[in-house]
Structure formats: C-alpha cells, structure tokens
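Trainee: Under the heading active site, TrEMBL lists GLU162. Marked as Zn(2+) binding site by TrEMBL: HIS161, HIS165, HIS171. Per TrEMBL, domain 'Peptidase M12A' is recorded for 64-193.
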Amino acid sequence: LGAPSSFKCSGACSTSVPEDLSLEEIQVSQDKDIPAINQGLISEETPEGSFLVEGDIIRPSPFRLLSVTNNKWPKGVGGIVEIPFLLSSKYDEPSRKVILEAFADFERFTCIRFVAYQGHRDFISILPMSGCFSSVGRSGGMQVVSLATTCLQKGRGIVLHELMHVLGFWHEHARADRDRYIRVNWNEILPGF
Ligand SMILES: [Zn+2]
C-alpha cells in the first residue's frame, strides 16, 4: 500500500490517493464486529442506561453546546466539507495508517476532507478508548471518536462506519424515513429486542 507518507493528510487533504484502494475491499461487512467489540460497554440488564445507543452511537447529550444550532458540518468553498481531526499519539504506525486510509477513501469518493486540527472550534478527537463509537453529526467543540486497536484489526471498515456517524448518518434501519422504504416484520423480532 505504498509508503506511509503518502497517506499524510496535510493541509486541505489534497495529496494523491493511492491507486490500490478499492471499494470492494471496504464493502467487507464489519457490522458484526462492532457489537462484539463493544459488548462490555453496554449493560445487558439496562441497555437504556448505557452511554451508547444502537451499539456504537454516543447518547446525545441534553447539554449540547448552544453554539451548535444544527449538527451539520458546514460546507465551504466549492462544496468542500472540512472535518478537523486530532489523532491520538497512542496509535502505532499500522493503526494510524488504517485511519488515514479511511480519510483517503472519503477524499476519493466524496467532498469530505479530514484536515489536521489547527485551533478549529469544532473538531473530532480520535483516540483508542475501549470500543468503537462516535456521536452522530457535529456536537460542537471537541467530540470524541473512539477507535480501539481492535476496531482497526480488520482494516478500515469500522473506521469508515464511525466516520459516517461523525458526518451525521444514523444506522440505515433507524433513519427517520425508514418506514417509507422497508416493512418491519414485527412478528419476527425476538422478545426483548
Ligand atoms: Zn454504528
């Protein structure tokens, strides 16, 4: 996958993206892995008391910053959306590489650019806490994205998943408009779920 330096996300993230990043590779499902990794973070008796909802989303705080009137990241010049990030120094080089590969995917396929934090008001801080989780959308100020090293072991799938939450995406089955697109077979749902 080329020299690690080619993944450095400097300035406006305009460095070239390695040719050998393929979508097929990303589409390997990581969905089963997040619940397994986060298992210990969610109390089985009182899942409603957990700080996570839906397995890996930080419960929205009732004390959100007043500066955030909407939780979208603002669009800049040319429709580019910049997400400033801090990457914990606790990550080793292979882990950093996986995360920077995920940034490169967004740069390649979307108008999203992850840019190195330089005193921005709102930014994400990516660090290896226990488990893989994020808030949905822009929280205001610093917001934590936890990517434990176990979240990085199978490549960038889980990183992309959590970064999608950062961008404002909920899980597809929980979208506000999901009932327009799917039919829920309620009788197929196990008691307790
Ligand atoms: Zn998720």
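Placed from the backbone N, Cα and C atoms, the Cβ positions cover glycine too.
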Trainee: Other residues near the Zn(2+) site, CB within 8 A of the CB centroid of HIS161, HIS165, HIS171?
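Mentor: These residues sit around the Zn(2+) site: ASP56, ILE57, SER134, VAL136, GLU162, MET164, PHE169, TRP170.
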Trainee: Could you count the residues of the domain 'Peptidase M12A' (64-193) that DSSP puts in helix, in strand and in coil?
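Mentor: The counts are 43 helix, 27 strand, 60 coil.
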Trainee: Between HIS161, HIS165, HIS171, which of the binding-site residues has its C-beta surrounded by the fewest other C-beta atoms within 10 Å?
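Mentor: Among the binding-site residues HIS161, HIS165, HIS171, the sparsest Cβ neighbourhood within 10 Å belongs to HIS171.
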Trainee: Can you give the mean pLDDT for the domain 'Peptidase M12A' (64-193), rounded to a whole number?
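Mentor: In the predicted model, the domain 'Peptidase M12A' (64-193) has a mean pLDDT of 93.
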Trainee: About how far apart, in whole Å, are the alpha carbons (Cα) of GLU162 (active site) and HIS171 (Zn(2+) binding site)?
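Mentor: The Cα atom of GLU162 (active site) is 10 Å away from the Cα atom of HIS171 (Zn(2+) binding site).
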Trainee: CB neighbours of GLU162 (active site) within 10 A?
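Mentor: So the number of other Cβ atoms within 10 Å of GLU162 (active site) is 24.
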